[in-house]
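Quick notes on the structure that follows.
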2 protein chains.
Amino acid sequence: MSNNKRAVILVSGGMDSATAVYEAIARGYEPYFLHTSYGQRTETKEYECANALANEVDAADFLHIETGHLSKIGASSLTDENMEVTDTDLKSDEIPTSYVPFRNANLVAMAISYAEANDCAAVFMGAHSEDFAGYPDCRPAFFDAFQKVIDVGTKPETEIDLVAPYVKWSKTNIAERGLELDVPYELTWSCYRDDEPACGTCDSCALRLEAFRNAGSRDPITYAERPSFSSD
Amino acid sequence: MSNNKRAVILVSGGMDSATAVYEAIARGYEPYFLHTSYGQRTETKEYECANALANEVDAADFLHIETGHLSKIGASSLTDENMEVTDTDLKSDEIPTSYVPFRNANLVAMAISYAEANDCAAVFMGAHSEDFAGYPDCRPAFFDAFQKVIDVGTKPETEIDLVAPYVKWSKTNIAERGLELDVPYELTWSCYRDDEPACGTCDSCALRLEAFRNAGSRDPITYAERPSFSSD
């Protein structure tokens, strides 16, 4: 074990992971950024945001993983150009078309490899309860089960905590916590579509706008359209 | 669920995974090959072997994943050019230098994504008990824990069995089973070094030669050197 308290944070460039970075720092961890380009439509924009945030917090390290396999495997509107990004239906119980099969297991596995090679004591991920309504790999049970894999599947001397601090929170709770931590949300990107400005109508934009509204704040980024439920 | 009985097999190009391919076929599965180039020294040779085997069995699909992240992360003599491949010490209790941090979790996660996107009912991996003497992510406990992650982390309708048929077997048992199944071992590569012919002195060659000797057979591939314990 190293004396330094280091943590890998899975930084997508979105608001949840940006908040997780500030959470890890607030808990005394030196941040190691892991950003992944896996062929998602918005990868250039997300990379720029993750990179800007790393500079902002003076990250100890920044690992950019580019891998084509999730997009090659397909079956998600996030990576498959033949599938359309659908407009939001936050009330639906179905797995959204944006689900990338078992994506978070791939991302967490990468993060644990990176953490083990760098003597990091934790891996943070910003998944939250409004994700797991639709995505099976964002649930508390997923993270609990994965912790067990880490415990048995790494070297005996390796101890890495998989931390999903917001797994039982709403996105509104995250926005509230992030505003408290002064997260620079102007450096983040959440939209599933690849045009600027953010569309304001996909699942991700809708959730984000609602979270800021509920937290009594205004999202600092620009939108093509702010849906009518938004009071600002 | 699909009516076809399909299985993804993690095919490295070595003898264990080649045997797993024939095992899956013997159990009635249509084979989907997943081969990964992750910057290991021997990736070209391994790819050739996996590809030749796919042709041999007329695989339903062949997914070649090329990803630089495990090699970027480093910390293994298999991927880090600054670390030497050490000669064998099969009696040592230490984690070998060839250990790639949490590699199998990365590979299994990829395989599950591929399986879920293609309605496969199983993922086969040829890990065995003489691996897990040194590698923590080859143990039965690792596969058991990972099965739980699959169960909770994929879509409700997805059911994928993670099958490691040899996890409690020795490499000798695998060679015996493979000889029974007529696995074309001349199409496989196990050596950790990147020169042809296989060195005969690294951990992987030593284990393989010993397995064939114990199974009362002669390994059909060519070696630069056959160690003195080999009677052939």
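A Cβ is built for glycine as well, from the same backbone N, Cα and C atoms used for every other residue.
What you see is a predicted model, and the numbers here were worked out from it, not measured in a lab.
Annotation source TrEMBL lists ATP binding site at A:Val11, A:Ser12, A:Gly13, A:Gly14, A:Met15, A:Asp16, A:Ser17, A:Ala18, A:Thr19, A:Ala20, A:Val21. Residues or ranges marked as Zn(2+) binding site by TrEMBL: A:Cys191, A:Cys199, A:Cys202, A:Cys205.
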Going by Cα-Cα distance, pick out whichever of the binding-site residues A:Val11, A:Met15, A:Thr19 is nearest to A:Cys199 (Zn(2+) binding site).
A:Met15
So, three-state DSSP: helix, strand or coil for A:Ser17 (ATP binding site)?
helix
Given the binding-site residues A:Gly13, A:Met15, A:Ser17, A:Val21, state which is nearest to A:Cys205 (Zn(2+) binding site) when distance is taken between Cα atoms.
A:Met15
Centre the Cβ atoms of A:Val11, A:Ser12, A:Gly13, A:Gly14, A:Met15, A:Asp16, A:Ser17, A:Ala18, A:Thr19, A:Ala20, A:Val21, go out 8 Å, and tell me which other residues of that chain have a Cβ in range of the ATP site.
A:Ile9, A:Leu53, A:Gly126, A:Thr188
Could you measure between A:Ser17 (ATP binding site) and A:Cys191 (Zn(2+) binding site) for me? Cα positions, answer in whole angstrom.
14
Please report the three-state DSSP label of A:Cys205 (Zn(2+) binding site).
helix
Three-state secondary structure, A:Val11 (ATP binding site) (per DSSP):
coil
Using a 10 Å cut-off, grab the number of neighbouring Cβ atoms around the Cβ of A:Val11 (ATP binding site), all chains included.
31
Please list residues from the chain of A:Val21 (ATP binding site) whose Cβ is under 8 angstroms from its Cβ, counting only those at least six apart in sequence.
A:Ile9, A:Val11, A:Pro31, A:Phe33, A:Leu53, A:Val57, A:Phe124, A:Val183
Nonlocal residues around A:Met15 (ATP binding site), in sequence order (Cβ under 8 Å, 6 or more apart):
A:Ile174, A:Ala175, A:Gly178, A:Val183, A:Tyr185, A:Thr188, A:Ser190, A:Arg208, A:Ala211
Quick one: Cα separation, A:Gly13 (ATP binding site) versus A:Cys202 (Zn(2+) binding site), in Å?
17
